Amino acid sequence: MLTVKDLQKVYNGTVVVNIPELTIQAGEAIGLVGNNGAGKTTLFRLILDLIRPTKGEVYAKDVNVAKSEDWKAYTGSHLDEGFLIDYLTAEEYFKFIGDLHGLSDGDITERLLPFMDLFNDEILNQRKYIRDFSKGNQKKIGIAAAALSNPELLILDEPFANLDPSSQIRLKNLLRHLRDQKRMTMLISSHDLSHVIEVCERILILEKGQLVQDMQTNENTLRELETYFTV
Amino acid sequence: MLLTLLTHQWKADVRSSVFQKGLALNIIMGLLILYFGGIFLFLGFHIDDILLKVFPSQDPVAVFNGGMLYYFLMDLFFRFMLQEMPVLAVQPYLHLPVGKNKLVHFVLVKSVFSFLNVLPLLFMVPFMVSAVVPAYGVGIALVWLLALVALTLCNNFVLLYFKRQLAAKPLYTLAFGVVVSALMLLDYFDLLSLNVASRAAFGQLLLQPWLVAVPLLLVAVAYTFNFRFLKEHTYPEELQVRKATKVSGSNIAFLSRFGEIGKLIELELKLIWRNKRPKSTLFTAAFILFYGMLFYKEPYMDGYAMLIFVGLMMTGMAMFSYGQFVPGWQSTHFDALLTQRISIYQFLKAKYWMFLAVTLFAYLVTLPYGLLGYKILIINTVALLYNIGVNVFIIFYFSAYNTSRLDLSRGSAFNWQGVGASKFVMMLPLIIIPLLIYMPFGLMDVPYVGLATIGGLGLLGLIFQKQLLQWSARWFRKHKYKLATGFRQSE
């Protein structure tokens, strides 16, 4: 699904991301963990062709993402509020994204159904613009919009941040549902170790732009991670 | 404490992005300030001579005094248009152990240092020195100045109060506006002379200096009103000028017929309508439509170059002033557009059709000017063709350099946020190139061949529209990383 080759991003002489090789199979759910400044968001931006790599390439389905826009058809993503069009209402935004993927109004309503628990009656029919929602609710809108097209590849940066505990648990179940039912390939970064190992079957640890560990999730993973991050 | 708050404010101003824009812009801004400051200073020193020439038999101080009431009413009007509410900056202090009174005083005192209050001093002080002091002596002149400053500040606080009420009690503000307009109307129909009233009031002041207590009292009253109101409403959500209104989502059915391009146009129309800055940019551009009234008369009607300029401006101003920020309007969600199924070609094509529509609209609106002469009709048609055939692509070319993030929530008047030197550079070729093309034909005295050339170029641009758009898209794609990086940096 996704191949990273010899990828490097350098800002003013500082290497922010340096990944010689990484392959992600279709249907895999990957959790990306690492302290602040480890390069998680930069890596996502490189994968989404939002910044130009200093060196190396990212291939989605064996096509270089910087050379062709084919990946946009099967990729859903939400990194930050810059992904939202903040002067639209939530409904208008969903409709806009839906239209781009050729979804009818009925399709959109149906695909938002699994999100109703997560939305908690605070997103739809609020009669206000996205810029007037709270951070947490903006995040929910972004995640729902990213998953709206049933993308083969779903990329989320810190989806659990800013959410209340109930929402976090609901989101976790939702992501597992998407993974199991729709066989979505997922790339999720998080600071919440326990959530991320419940959603993801493979964990990557990033440190100072380097991939330092690549492990399959098992019953010991949480302990290993906690040991790793205990300084 | 007040001093600490003011130094914080000073730092906020000095460290704001406006001053860190680069040398070229600072020089241009400096020149503008010098220019306007110079005009005011010049006026201040020479207004007594000018008044003496215009009203030879009258005392210049009396004439000046007669104009003061008009001035203060005009001042109120400009303040209503331009003055910003100095409010939100207290938010970071509200949870700290700082007295509410202090914060409110701070907000009010801060508003005194606005340029609307400082600028008038530039001509009041010189006038005082050159005209009032010789006639009445230093002491009385200072009292006179104090009264004017007090009235300026009174305007400042009165306006702040009513502008704040605008959200909560619009009827108050309406009543205030009615009173001001009624005064103007009464004066216009000679039922009540503001001139006479103004002369009498300020004349008395010069004779009986203790009357300065009246304007001072007015300031105190206006200040107290503001203070009380703010004190009771120190909660950030209540201080916000914009009232949260219920909005309803809507779709423009007509546009959805045009597929993805229609969708993008709809999105952009919503952007314009729902954000303050693009809306005010377009409203300002609409004023250019009246340019014809200034220029369609002798001696301009004999020549061509001036009329070409006017034609280009009238048909193209909306496109120029909106276009100079493209794609900065989308800066807050540029990442979203890049990761969605929209190609850059579609993005630019939507813009192209919008520019086409708005330019055509401006052309149709200015069509009646053609009654003043068929020449105007021909020139405006040529300008229309050139604007939508050539200038639109020049705008797309320069758009690749607009890497600064745009804050859409503030009005466009005197707003330098997101304005770079490239903006000034790009406006020039839009106007100068067609004039340069025309010049040799004008010199050879074959103006219509020149017009045909400009129009022909525009027509060529229309015919090769698709190729030119594709070329623009390639150019834009080359610069997209730079643009996206720039837009992620909020100032």
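Glycine is treated like the rest: Cβ placed from N, Cα and C.
Values in this document were obtained by computation on a predicted structure and should not be read as measured data.
Among the features that TrEMBL reports, transmembrane segment is placed at B:23-43 (among others).
According to TrEMBL, the transmembrane segment annotation covers B:63-82 (among others). For the transmembrane segment (B:63-82), same-chain residues at least 6 beyond its ends with a Cβ under 8 Å from one of its own Cβ atoms are 47-48, 51, 54-55, 116, 120, 127, 131, 148, 151-152, 155-156, 158-159, 163, 180, 183-184, 194-199, 201-203, 206, 413-414.
The feature transmembrane segment is assigned by TrEMBL to B:103-129 (among others). Below 8 angstroms of C-beta separation, residues 2, 5-6, 9, 36-37, 40-41, 43-45, 47-48, 64, 75, 78-79, 82-83, 86-87, 89-90, 93-94, 141-142, 144-145, 148-149, 152-153, 156-157, 160, 223, 226-227, 230-231, 234 of the same chain, each at least six residues beyond the ends of the transmembrane segment (B:103-129), sit close to that stretch.
Long-range contacts of the transmembrane segment (B:135-159) within the same chain: residues 59, 61, 68, 72, 75-76, 79-80, 83, 108, 111-112, 114, 116-117, 120-121, 124-125, 128-129, 202, 205-206, 209, 211-212, 215-216, 218-219, 222-223, 225-226, each at least 6 residues beyond the stretch ends and with a Cβ under 8 Å from a Cβ of the stretch. Feature annotation from TrEMBL assigns transmembrane segment to B:135-159 (among others).
Nonlocal intrachain contacts for the transmembrane segment (B:171-189), taken as residues 6+ away from its ends with a CB within less than 8 angstroms of a stretch CB, comprise 73, 76-77, 162-163, 165, 195. Positions annotated as transmembrane segment by TrEMBL: B:171-189 (among others).
TrEMBL lists B:201-225 (among others) with the feature transmembrane segment.
Under the heading transmembrane segment, TrEMBL lists B:280-297 (among others).
Using a Cβ-Cβ cut-off under 8 Å and counting only residues 6 or more beyond its ends in the same chain, the transmembrane segment (B:303-322) has close neighbours at 278, 281-282, 284-286, 288-289, 291-292, 295-296, 329, 355, 358-359, 362-363, 366, 375-376, 379-380, 382-384, 386-387, 391-392, 395, 427, 430-431, 434-435, 438-439, 442, 447, 450-451, 454. Marked as transmembrane segment by TrEMBL: B:303-322 (among others).
Per TrEMBL, the feature transmembrane segment maps to B:352-371 (among others).
Taken from TrEMBL, the feature transmembrane segment covers B:377-400 (among others). Sequence-distant contacts of the transmembrane segment (B:377-400), counting only residues of its own chain at least 6 positions beyond either end whose CB sits under 8 Å from a CB of the stretch, comprise 304, 307-308, 311-312, 314-316, 319-320, 323-324, 326-327, 348, 351-352, 355-356, 359-360, 363, 366-367, 369-370, 422, 425-426, 429-430, 433-434, 448, 451-452, 454-455, 457-462, 465, 468, 472, 475-476, 478-479, 482-483.
The feature transmembrane segment is assigned by TrEMBL to B:421-441 (among others).
Here the transmembrane segment (B:447-464) has long-range neighbours at 304, 308, 378-379, 381-390, 392-393, 434, 437-441, meaning same-chain residues at least 6 beyond its ends whose C-beta is under 8 angstroms from one of its own. The transmembrane segment feature in TrEMBL is assigned to B:447-464 (among others).
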